[in-house]
Amino acid sequence: QVNVTASSSRTLSSIAPQTSTGLRAIRLDTCLRDCRSHRSITGNYPAIPPIGSTRPGEHVIDGITRSYEGTELSTTPTVTSPLPERWRRRDKRGLWELAGVVKCSTGRSAVAYVMYGCYCGLGGQGWPRDKADWCCHKHDCCYGKAENLGCQTKTDKYQWTCENKMSNCESLKNRCDKILCRCDREAARCLRRAPFTPKYSVWPDFLCGYEQPTCTRH
């Protein structure tokens, strides 16, 4: 068993794998961004978990959990810290296709929305902060409907093209592929119209509250 503590002298850039793709890359970007935010508050980087989890991205989420708890990390994923719910839940919006569609439509990296407001990025709770956050809530609802229809929102992949800042998925034949592509396309279109408010870019869960809108609002 290999233990990694918060005193590790390795830099963030040397730890980041150069060949990460998909969910792994998105969540590693999330990890690095959160580490930098943590350093700006405490003056220290939290420990970075080892690469090699059996499930993509999980080593990042669980590693952050353990490092914030102030204990040693092990290669065995353990979730025990009272972190915000968005870090403990599996993300329904963590698909690589969505990241590409957002980039196509808004020109921004999907990383800009990883911790935005109360619904963009990981998890989701409380009341949306602004129009962009409402876009993410609507996308949650769209994926929820897709899952009720039997679609695998976390693993299904589809082919699409970027045309005039809009994803084109009309040629898709598979029912779930088309549903997911439309969910992502509408979310990206919504985000393109919505202002990006910097103060919501890393918004803490405790400011979101517990009252939350239902999907019937959309």
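Every residue gets a Cβ built from N, Cα and C, even glycine.
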TrEMBL Ca(2+) site partner of Tyr119, Gly121, Gly123, selected from Asp130, Asp140: Asp140
Cysteine of Cys190, Cys208, Cys215 paired with Cys141 via disulfide, per TrEMBL: Cys215
Same-chain residues at least 6 apart in sequence whose Cβ lies under 8 Å from Cys208 (disulfide bond): Gly117, Cys118, Gln125, Gly126, Trp127, Arg129
From Gly123, Cys136, Cys142, Cys169, Cys181: recorded positions whose CA lies within 10 A of Cys190 (disulfide bond): Cys136
Residue from Gly123, His139, Asp140, Cys176, Cys215 whose C-alpha is spatially nearest that of Asp184 (active site), among the recorded positions: His139
Cys215 (disulfide bond), number of other Cβ atoms within 10 Å: 12
For Cys135 (disulfide bond), the number of other Cβ atoms found within 10 Å of its own Cβ: 26
Local Cβ density at His139 (active site) - other Cβ atoms counted within 10 Å: 24
